[in-house]
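Visitor: The structure is given below, and queries will be raised subsequently.
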Amino acid sequence: MKIYEGKLIAEGKKFGIVVSRFNEFITNKLLEGALDALKRHGALNEDIEIAWVPGAFEIPLIAKKMAESKRYDAVIALGAVIRGETPHFDYVANEVSKGIAKISLDTEVPVIFGVLTTDTIEQAIVRAGTKGGNKGFEAAVTAIEMANLMEEIK
């Protein structure tokens, strides 16, 4: 029996990160977490490229451009969508998650969903580096594992 499992080795891999500027005080923490994870696992600064977009809704377009370029072993999407008083949250959260999943399937480049979708600002703060860990760190670890797994299954 052959078992495939991605390793947590970022050395020699290239990573693209798309970060939403909206809710930047949260997304900066997610980015810090992602960079920490990548570097802890062996990625070099020159192997990481970051693209800032205005909001979460714009993440899929730039993530798609990055994935289609084939310059990256994985792309990490980071953002924070926080529920307000209108249905806007539902539209943005749904479209971003669907868009990111579609890009991975269409390009066969792992595009990792590191977009927080929370009911409150407090929930976002917790998930961006306090008690709930850092979802940016977790997204980067997933990217490393998936990049290695994709290489192994070729």
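Including glycine, each Cβ sits where the backbone N, Cα and C put it.
What you are looking at is a predicted structure, and each value in this text was computed from that prediction instead of being measured.
Look at Swiss-Prot and you will find H88 tagged as active site, proton donor. According to Swiss-Prot, the 5-amino-6-(D-ribitylamino)uracil binding site annotation covers F22, A56, F57, E58, A80, V81, I82, F113. According to Swiss-Prot, the feature (2S)-2-hydroxy-3-oxobutyl phosphate binding site maps to E85, T86, R127, an assignment based on sequence analysis.
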Visitor: Just checking, which of E58, E85 (binding-site residues) has the fewest C-beta atoms within 10 Å of its C-beta?
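Guide: Least crowded of the binding-site residues E58, E85, by Cβ count within 10 Å, is E85.
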Visitor: Please name which of the recorded positions listed here, E85, H88, R127, is nearest in space to F22 (5-amino-6-(D-ribitylamino)uracil binding site), Cα against Cα.
Guide: H88
Visitor: Below 8 Å Cβ to Cβ and six or more residues apart, same chain only. Which residues does that give for F57 (5-amino-6-(D-ribitylamino)uracil binding site)?
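Guide: Sequence-distant Cβ neighbours: V92, E95, V96.
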Visitor: Please report the distance from the Cα of the residue listed as 'active site, proton donor' to the Cα of V81 (5-amino-6-(D-ribitylamino)uracil binding site), rounded to the nearest angstrom.
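Guide: Counting only the Cα atoms, the answer is 10 Å.
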Visitor: Using the structure shown, find which entry in H88, R127 (the recorded positions) has the sparsest Cβ neighbourhood within 10 Å.
Guide: H88
Visitor: I'd like to know which of the binding-site residues A56, V81 has the most other Cβ atoms within 10 Å of its Cβ.
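Guide: That would be A56, with the highest Cβ count within 10 Å.
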